[in-house]
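Here is what Swiss-Prot says about this protein:
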- Arg33, Gly244, Asp245, Thr277: substrate binding site (BINDING)
- Asn35, Phe36, Ser37, His38, Arg74, Lys155: ATP binding site (BINDING)
- Asn35, Ser37, Asp67, Thr68: K(+) binding site (BINDING)
- Lys219: site 'Transition state stabilizer' (SITE)
- Glu221, Asp245: Mg(2+) binding site (BINDING)
Amino acid sequence: MIARTKIICTIGPATNTPEMLEKLLDAGMNVARLNFSHGTHESHGRTIAILKELREKRQVPLAIMLDTKGPEIRLGQVESPIKVKPGDRLTLTSKEILGSKEAGVTLYPSCVFPFVRERAPVLIDDGYIQAVVVNAQEHLIEIEFQNSGEIKSNKSLSIKDIDVALPFMTEKDITDLKFGVEQELDLIAASFVRCNEDIDSMRKVLENFGRPNMPIIAKIENHLGVQNFQEIAKASDGIMIARGDLGIELSIVEVPALQKFMARVSRETGRFCITATQMLESMIRNPLPTRAEVSDVANAIHDGTSAVMLSGETASGTYPIEAVKTMRSIIQETEKSFDYQAFFQLNDKNSALKVSPYLEAIGASGIQIAEKASAKAIIVYTQTGGSPMFLSKYRPYLPIIAVTPNRNVYYRLAVEWGVYPMLTSESNRTVWRHQACVYGVEKGILSNYDKILVFSRGAGMQDTNNLTLTTVNDVLSPSLE
């Protein structure tokens with residue numbers, strides 16, 4: 001059974017071996033996420049090499065995503081996890097040290113120290129550990145813990161009521177982007193996006209490195225990102241709803257409504273949407289998810305999210321393969337009750353938000369024709385990815401087989417809802433149609449006498465303007481004679 005909603009897996013110590021990565025792929029991984037808040041270029045380079053070798057061997061459109069560290073406040077390295085309980089105190093310093101309970105822990109960036117005030121609430125590791133500032137100095141602050149937990153290396157930290165303007169891109173981010181371009185990665189996830197100018201500035205950096213069209217995913221993690229969301233959505237290629245930091249920056253009870261709002265606007269503006277953070281969190285330690293987690297994933301799918309993301313579950317968890325299999329099972333079961341018609345009507349109704357009226361008119365008409373004719377799939381030839389992306393926006397029941405000669409587009413489409421990318425070296429319509437039908441049969445999407453709708457370009461045209469209703473048998477029959 002196919003799964004239209006895509007799965008993103010964060011790669012970490014639990015899964016960065018060839019054997020585990022292949023198991024993740026078999027379980028349902030569509031995108032491999034590399035979190036550049038952790039690791040080095042050397043360690044990420046090794047993982048990238050394994051992923052590229054794997055996707056080449058298996059001939060699959062596995063995308064590789066670089067997730068930037070961004071302008072975040074984060075702890076430094078600790079010698080070993082520091083166990084804390086209510087009333088315990090810990091020193092945070094601007095000095096570069098290997099952290100311990102006695103020596104303290106480094107806090108990055110150092111520019112935040114002058115802005116910290118006593119009695120300010122502190123949240124560590126997505127809010128799991130809570131503390132309060134009891135002493136604030138120019139290069140040192142002391143916090144007192146309000147609950148028990150473990151302080152680990154590189155964990156995120158949020159200080160309430162702090163008014164410091166951090167730069168959107170750090171020197172590390174720029175170095176990481178250069179590395180990502182050199183490694184020919186497929187997607188960039190930009191952390192802590194606050195406005196559309198942030199996206200524009202990152203595009204200029206990527207252009208300077210020779211990759212102006214590299215897709216940028218805007219991670220919405222703070223109140224400014226929410227406030228400027230519609231402009232950010234238009235400026236970016238996709239959206240990630242980063243619920244962890246969002247639930248810290250804003251009230252946690254606001255997150256569900258914001259998730260639905262952002263998923264809807266992303267879809268209406270033709271941008272893919274990723275729902276992330278704590279989706280199957282308990283599976284870091286347990287082989288089965290909670291009922292609430294299953295409902296959370298299902299609700300994200302019913303919201304129309306393009307992809308769901310696993311973080312600690314696959315990066316450092318005890319049951320990474322089980323987590324991906326569970327996610328795929330939830331997707332397949334939920335999509336049985338997905339209201340495809342309602343999503344089509346909703347997207348078709350919001351004509352004011354259409355980015356390309358021409359493409360969308362062709363796409364919407366084609367979907368209606370295909371469904372009325374009881375077709376089993378849509379086949380579309382694309383050089384830029386535009387046509388399948390606009391088709392995906394309407395959330396059709398029919399799988400979209402996207403045929404492309406562009407390797408960058410092939411991998412980039414891996415994150416799009418309901419799109420099954422196929423790489424070809426052919427531009428001849430007869431040949432690529434034949435290849436697409438063979439691919440569809442091999443993947444279990446099509447059978448011999450199924451009807452299909454083919455989108456293609458007319459002679460001299462740059463955009464899709466031809467719709468052909470045919471059958472798999474008619475396309476394949478020349479080779480059977």
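From the backbone N, Cα and C atoms, a Cβ is placed for every residue, glycine too.
Here the binding residues for substrate are Arg33, Gly244, Asp245, Thr277. Their largest Cα to Cα distance works out to 18 Å. The Cα atom of Lys155 (ATP binding site) lies nearest to that of Asp245, taking the recorded positions Asp67, Lys219, Glu221, Asp245, Thr277 as the candidates. Note: Thr277 (substrate binding site) has non-local neighbours Asp126, Ala242, Arg243, Gly244, Met309, Ser311, i.e. same-chain residues 6+ apart with C-beta under 8 A of its own C-beta. Less than 8 angstroms from the CB of Ser37 (ATP binding site) sit Asp67, Lys69, Glu72, Arg74, Asn154, each of them six or more residues away in the same chain. Of all the recorded positions in the list Thr68, Lys219, Glu221, Asp245, the shortest Cα-Cα distance to Asn35 (ATP binding site) is found for Thr68. Apart from Arg33, Gly244, Asp245, Thr277, the residues listed for substrate, the same chain places the Cβ atoms of Asp126, Lys219, Glu221, Met240, Ala242, Arg243, Ala276, Gln278, Met309, Ser311 within 8 Å of the centroid of those Cβ atoms. For Asp245 (substrate binding site), the nearest neighbour among the recorded positions His38, Lys219, Glu221, judged by Cα separation, is Glu221. Shown in sequence order, Leu34, Phe36, His38, Leu66, Lys69, Gly70, Ala189, Ser191 are the same-chain residues outside Asn35, Ser37, Asp67, Thr68 whose Cβ sits within 8 Å of the Cβ centre of the K(+) site. Taking a C-beta cut-off of under 8 angstroms and a sequence separation of 6 or more, His38 (ATP binding site) has the following same-chain neighbours: Gly12, Asn154. Between the listed binding-site residues, namely Glu221, Asp245, the fewest other CB atoms within 10 angstroms of a CB are found at Asp245. Counting only residues at least six positions away in the same chain, the Cβ atoms of Asp67, Gly70, Ala189, Ala190, Ser191, Phe192, Val193, Gly225, Met240, Ala242 sit under 8 Å from the Cβ of Lys219 (site 'Transition state stabilizer'). With a 10 A radius on its CB, Asp67 (K(+) binding site) counts 26 other CB atoms from all the protein chains. When Cβ neighbours within 10 Å are tallied across all protein chains shown, the highest count among the binding-site residues Arg33, Arg74, Lys155 belongs to Arg33.
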